[in-house]
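What TrEMBL says about this protein:
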DOMAIN    B:23-104  domain 'Lipoyl-binding'
MOD_RES   B:LYS64  N6-lipoyllysine
Amino acid sequence: MLKQTPLSAAHRAMGAKMVDFGGWDMPVSYGSQIDEHHQVRSDAGMFDVCHMLVVDVNGADVRGFLRNLVANNVDKLKVPGKALYSCMLNPQGGVIDDLIIYFMTEDWFRIVVNAGTAEKDVAWMQKQAQGRGLTITPRRDLAMIAVQGPNARARVWMAIPGAQAVTEAVKPFNAVEFQQYFIARTGYTGEDGFEVILPAAEAQAFWHLLATLGVKPIGLGARDTLRLEAGMNLYGQDMDETTSPLESGLAWTVDLHSGRDFIGKAALQARDINHQLVGLVLLDKGVLRAHQPVHTKHGVGEITSGTFSPTLQQSIALARIPLGIAPGAEVEVEIRDRKRKAKVVSYPFARNGKALV
Amino acid sequence: MSIPADLKYTKSHEWAKLNADGTVTVGITHHAQDLLGDMVFVETPAVGRKLNAGEECAVVESVKAASDVYAPIAGEVVAANAAVEAAPEAINKDAHAAWMFTLKPDNAADLDSLLDAAAYQALVESEAH
C-alpha cells in the first residue's frame, strides 16, 4: 500500500499520471512534463511536496544540538526565520541526508528532510538528542506545497489575504509564520517562490484555490529537470552515505574552519579528496543519464544525474569526475557502448528563466 | 487509447504495418509513448542492416527514460525515418504515424505471429493492473 499525501485524490482528479515514488503515491506529470517545466520558468507552478517531512526540534539548547548534528554552521542563523542548507553526516563523513534548517526561536528550530530518508533521519536525530532534554517531533499533520516561478509569490499573495504585507520583505532563504501558514522563500527550481507549510486538513482547499488563480500543478518529472538545470543536488543520486560532501559539490555547506566539532568532521579531514562534481553539456546527440561512465584525461568518472534540459534544448548532467578537469574541457560519455562528446561546465545551467551555459 | 485495427503489435509495444509492396513499417505504440512521456531523442537503424526478430535495433528516449526498440520480425532495413530523429516529439503527437523504420521481411508470414489489436488491447489492460 503506497503512502498517500493529502493531495493524492486531487492529483487524480487533475489527470495526473501517478507513480510509486519511494513508497509514495505521487504525480509524475499531468500531461507534458516539458510544458510543466516551461510553466514554472515562465509563470508559476505548484508542487506537492507533502512526502517530505517537517521535523520540529524544541528545547532549551536546540542550537547546541544542531552544532553537533550538521556540517554547516547553525551559528550563521541569527535572525528568526533564517534558513540554512546543510548535510547531516554519519561518523564516516557520508551524507545521511541533506536538509533545510529554519531558525525560529532559540527553543524551536524547524527542519525539512527528504521523503526517502525521513524515518532514518528522525531515528538518527533522536539518538543524537538523547540526554539533551529536547523534543523531536515529526509533523505528518502538516502539508507542504511549493509554488515556484516568476509569478509565484504574487499568486500566493492572492490566495492568502494579508500575506503580502508580511512576506513581501522576506528575503530568499527566509521564512515567516502567518496565521496557520509557514511561508518560506525557498525552493528547488532556481526560480523565485514560496514553500508553504500548512495544516494537512487545509492542503486540498489551498491547492484548488491556487489552481483557480492560474497556478498549474507540476509533477515530479518536471521537478527533476528544473532542479537539475538549477544545479541542485538530489539525495541518493548526487550524494549518499558512501560519498563525501566535499566530492559532491557541497564543500560550500561544510564548515571545516570554525573550531566547532560536528559528527563526521574528523573523517572528512582525514579523507583524501580525489573527485569533484561538475556540470556536463552533451555536444553530440543523445541523453545523459545517471551512472554513465565519463572518460577524462585524468581517469574515469560517473554521471550522478542526467536529463534533457528543456531550457537549453540539449542534454545536461552532474558528474563526479577526477580532480583537475576544468570547465571548458571536453570529455567523453559512454552512452550504450558508444562514446559521445560532452563539455565540462560550471553549474547552475539555468536560473530565473535564463540559460547560463 | 488508440489501437488501430489494421496494425500488428508486439509485447514490447512496437506496431508493424504491412505495406502494399510487401515491406513492413515499424514504430512504437501510442501506449508506449504515453508511458514514456515527452520524447527528446530517437535513433533509427542503418539502412541495409539485417535484423533478427526481437533484436534491439533502435532507441527512443523521453525526458524520463531511455527505451530500446525491437525488430518485430526478421528482415532487412530498407528505410529509416530521418524526420522522426529530427523531431522526436512527433511520436507523442501521433505514434502510429511517426514511423521509425521499414523492413523487407525475410518471411511476410512472420507477421501472423504478432498480436492483433484486440490481443494488444488485452495486454495493455493487463499491464495496467
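Using the three backbone atoms N, Cα and C, a Cβ is placed for every residue, glycine included.
Caution: TrEMBL annotation is automatic and unverified by curators.
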* **Spatial neighbours of B:LYS64 (N6-lipoyllysine) that are distant in sequence (at least 6 apart) but have CB under 8 A** => B:LEU36, B:GLY37, B:ASP38
* Kindly state the mean pLDDT of the domain 'Lipoyl-binding' (B:23-104) in the predicted structure. => 97
* Asked: By DSSP, how many residues in the domain 'Lipoyl-binding' (B:23-104) are helix, how many strand, and how many coil?
  -> 16 helix, 34 strand, 32 coil
